[in-house]
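Undergrad: Straight out of TrEMBL:
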MOD_RES   B:Thr185  FMN phosphoryl threonine
TRANSMEM  B:21-39  transmembrane segment
TRANSMEM  B:95-113  transmembrane segment
TRANSMEM  B:125-147  transmembrane segment
TRANSMEM  B:202-227  transmembrane segment
TRANSMEM  B:234-253  transmembrane segment
TRANSMEM  B:259-279  transmembrane segment
TRANSMEM  B:291-310  transmembrane segment
TRANSMEM  B:316-334  transmembrane segment
Amino acid sequence: MAETANQGAGKEASAFLFEREESLTADTFIRGLWKENPVFVMLLGMCPTLAVTNSTLNALGMGLSTTFVLIFSGALVSSLRNWIPKQVRIASYIVIIATFVTLVDYLIQAISLELYAALGAFIQLIVVNCIILGRAEAYASKQRLLPTIVNSLGTGVGFTLALLSLGTVRELLGSGSILGVQLFSDNFQGWVIMMLPPGGFFVLGTWLLFFNWLRLRKQHPAPSGATVHAR
Amino acid sequence: MVKDIEIRSSPHLKRKMTVDRIMRSVVLALMPISAFAVWQFGLSALLLLVTTTGVAVLTEWFFARQSGQGNTIGDWSAVITGLLLGLTLPPGFPLWMAAVAAFVAIALGKALFGGLGYNVMNPALVGRAFVQAAFPVAITTWTPAFAPGRFVELIPSTLTLPFMQPVPVADWVAGLNLDGWTGATPLAMQKFQHLEAPLTDAFTGLIAGSAGETSALLILLCGLWLAWRRMLDWRIPVSVLAGAALTALPFWLLDPHLYPSPGFVLCSGGLMLAAWFMASDMVASPVTAKGAILYGLFIGVLTVVIRLFGGLPEGVMYAILLGNAVGPLISSWTQPRVYGSK
């Protein structure tokens, strides 16, 4: 968190704990997309990230479901924050989150049984997704309703974008299509490994490498020439 | 300036052996094997080896430059990785897949860990394992050795367009009118049909298989030359082969029809090439003498276990990768006692 600490005092001093209530700014939303991206920066929610990103559609479905749960559970936690006793707060958050997960579970069954089958147990597992619990504990339980909703939306969109960036690469290499639309001829050779769990690790690792490289380059602009490697 | 005075910490007396000298010798030792592969499988094998080596060297150059290490092509290690990788692939393997394998080998197997001397696993095998998982069909499509006209025409699947499925070779093979070609390597025939190829053929290399793994005799000679020049640790290949033979022996004695003979185990598949040139990778194998033997036995035993009870006919690749993974642990177990201490 050195990066945020450098940027000085005030509300941004700590990325996760807000001592005071935050007023609604554009940053409340944008933070979740980039600086506090749940997947690429905080490395939370790895389980669905690796498991259900073998196609763009699955990634989109998972991302939107999680965003829905994030927004509504965040809103409820934020509204009830003065009534929930501190000692039982985690249990209360879980009950609230589970309620909305059940809603999503039935909703997806109603919309598309195919998607439901593809996502499998991972819909129910949104209950224990640490992004949602993390947002409830670190943000929603301390902030007013509107900033919470906006922040949850930002985090959710950030999560969805991360899943999509994995899902599109894996689907493109794995079966030569995006959202089920075949982009190449029928002779396309799918990379079977991209459909398998190792493919998730490889693509996630590559994206992390890319984003860390971008961040490092921003901090230390272009090392000039060839610096001798310590041997 | 006086150049003879060396101002640095010990050691001050060094042998003339340097990294690039050893690597050059290994490349030299791989030359007869590559030549045999080209003689046996023709132009396709040549293109395959050139592609893997070229892409490996280019990738090495790119990443070494990016990480500020300067030019590291001169140490020849990327050439070895590329050559070894090419030798483990089927001769008709599409060139674009071979290029992917070579890129993964250097980029994921070596550059990400920090380059030569830091890689946890043998880079060539990392590349091969990746394409084995990515293109399982292409990597198990074998073509016959000594096809007539192999020096003037390519195996059709070699020049497949990038990202496209390999051109089917079945028609081409049928057009060759070869007697007794079943489309399987001796190893696969033994596993799935329990037919053992004549041992002399497997030993001299007159069989189908990956480009450079067929001739056990030639690999043995080249490996022995390197070991005699002390450029590889003889304990590793010897214990790999011993481990494999000793594990295969009791099964063969129990049921000679179902299980392969120890001689066949040693001469078939990629075991010989892997034992001499891949398991002995200086970076990824244990450093102690006792550790080297343990590591070799582990690989040998595991290879035969995978061959006999696994789903694939060949298991030496996974055995070595696992061996590389436990290598540091074996090294720390087998640290010699410091003289004078308890």
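Including glycine, each Cβ sits where the backbone N, Cα and C put it.
Keep in mind that TrEMBL annotations are predicted by a computer and have not been checked by a curator.
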Undergrad: Ten-angstrom check, please: count other Cβ atoms within 10 Å of the Cβ of B:Thr185 (FMN phosphoryl threonine), all chains counted.
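TA: Looking across every protein chain shown, the total is 24.
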Undergrad: Counting only residues 6+ away from its ends, which parts of the chain sit with a Cβ under 8 Å from the transmembrane segment (B:316-334)?
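TA: Hits for the transmembrane segment (B:316-334): 88, 120-122, 125-126, 128-129, 132, 269-271, 274-275, 278-279, 281, 284-288, 290-291, 294-295, 298-300, 302-303, 306.
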Undergrad: Pairs of Cβ atoms less than 8 Å apart decide it: which stretch in B:125-147, B:202-227, B:291-310 has the most with the transmembrane segment (B:21-39)?
TA: B:202-227
Undergrad: Under 8 Å for C-beta pairs, could you tell me which stretch among B:125-147, B:202-227, B:291-310 has the largest tally with the transmembrane segment (B:259-279)?
TA: B:202-227
